[in-house]
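Notes follow once the structure below has been shown.
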Amino acid sequence: ENSTACPANATICDGTSCVLPEDNFNQTLSVILSTVLTIMLALVMFSMGCNVELKNFLGHIKRPWGIFVGFLCQFGIMPLTAFLLSLAFNILPIQAVVVLIMGCCPGGTASNIIAYWVDGDMDLSISMTTCSTLFAMGMMPLCLFIYTKMWTDSDAIVLPYDSIGLSLVALVIPVSFGIFVNYKWPSKAKIILKVGSIVGAVLIVVIAVVGGILYKGSWIISPKLWIIGTIFPAAGYSLGFFLARLAGLSWDRCRTVSLETGMQNTQLCSTIVQLSFSPEQLELMFTFPLLYSIFQLLFALLILGGYRLYKRHRVKTKTDVEKTEQIEDSKSNAKINGGFVPDEMK
């Protein structure tokens, strides 16, 4: 009778009350996810390094004004915006921590692709992404220490600085190796770059699917996090653009700094969160990097669409002006040529 009421693997069975052995499926899956995330992130960062031309990179280091403005945006504007949004919406301490981790992350590699399509300064874009990744080793723990103090002082949340530091230091190795590969074998670096962009897209899907299995409760998202996930990237793009313009950068560099500011390395954020917090904490915070990733891409595509429309209208208007000027020049020349005007200009 008991055997029909209880599962076959029950250790103690009393009527319908059963004691089952501990299920290690989620724990095993979590270890696999952490390993896969780490390997894929290393591949993405390696491909990013393959996009860096050493000569151009060193040129920006020698004339660092653009990189300095980007640094202020990345580690000044974004962490402060994350802090203010967390306070304004009064979210849970653990949720405030994940919003701040996102705000302190370096720039994402997708910004380089969008910067290309909006006629940005590609050398600056790649240099900013690389430098922000290197600077993050010191600035990310420092910003987290400053801005999370009010939520971590109670000892209810302990930020794992050692895990965050190791994750960031580990990123420098594939980026450096990628720069070296591009320097020695530029044709192979282009192939690696294409593979890396595909891996980056797959990485987001893997995080979403496996994370959804592991942390089912995390998909019941607080409306406050939805709102922050929408406002945060939009604020990053806007404030980055205005600060760059205020600093006197050219329009193409303003667009570049804007994209580098708003577009964060969400894969890094997801990996740090996955490696650093308990399953109970992940239930409340795991989906925010995915939310940010969706909205940062959505706003980037809107920026791209708006710029393309503006460019098409500007070119069309410029062509019309040039034609008008040509007609006026021909008519003025007609007086000199005895009144002759070409048929196409009449």
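Note: Cβ is positioned from N, Cα and C throughout, glycine not excepted.
Going by TrEMBL, these are the annotated features:
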- 29-47: transmembrane segment (TRANSMEM)
- 67-89: transmembrane segment (TRANSMEM)
- 96-118: transmembrane segment (TRANSMEM)
- 124-147: transmembrane segment (TRANSMEM)
- 159-179: transmembrane segment (TRANSMEM)
- 191-213: transmembrane segment (TRANSMEM)
- 225-244: transmembrane segment (TRANSMEM)
- 290-310: transmembrane segment (TRANSMEM)
- 326-346: region 'Disordered' (REGION)
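For the transmembrane segment (290-310), same-chain residues at least 6 beyond its ends with a Cβ under 8 Å from one of its own Cβ atoms are 102, 108, 110-111, 114, 117-119, 204, 207-208, 211, 221, 225-226, 229-230, 232-234, 236-237, 255, 258-259, 262-264, 266, 269-270. Three or more CB pairs closer than 8 A are found between the transmembrane segment (67-89) and the transmembrane segment (124-147), so contact between the two stretches is assigned (pairs 6 or more residues apart). Across the candidate stretches 96-118, 124-147, 159-179, the maximum count of CB pairs under 8 A to the transmembrane segment (225-244) is reached by 96-118. The list of residues near the transmembrane segment (124-147) in space but at least 6 beyond its ends in sequence, with Cβ under 8 angstroms from a Cβ of it, reads 45, 48-49, 51-53, 56-57, 60-61, 66-67, 70-71, 74-75, 79-80, 82-83, 100-101, 103-109, 111-112, 115-116, 159, 161, 164-165, 168-169, 171-172, 175, 179, 253, 256-257, 259-260, 265.
Outside the transmembrane segment (159-179) by six or more residues, the chain places 38, 41-43, 45-52, 54, 57, 97, 130, 133-134, 136-137, 140-141, 144-145, 148, 152, 189, 192, 268, 271-272, 275-277 with a CB less than 8 A from a CB of the stretch.
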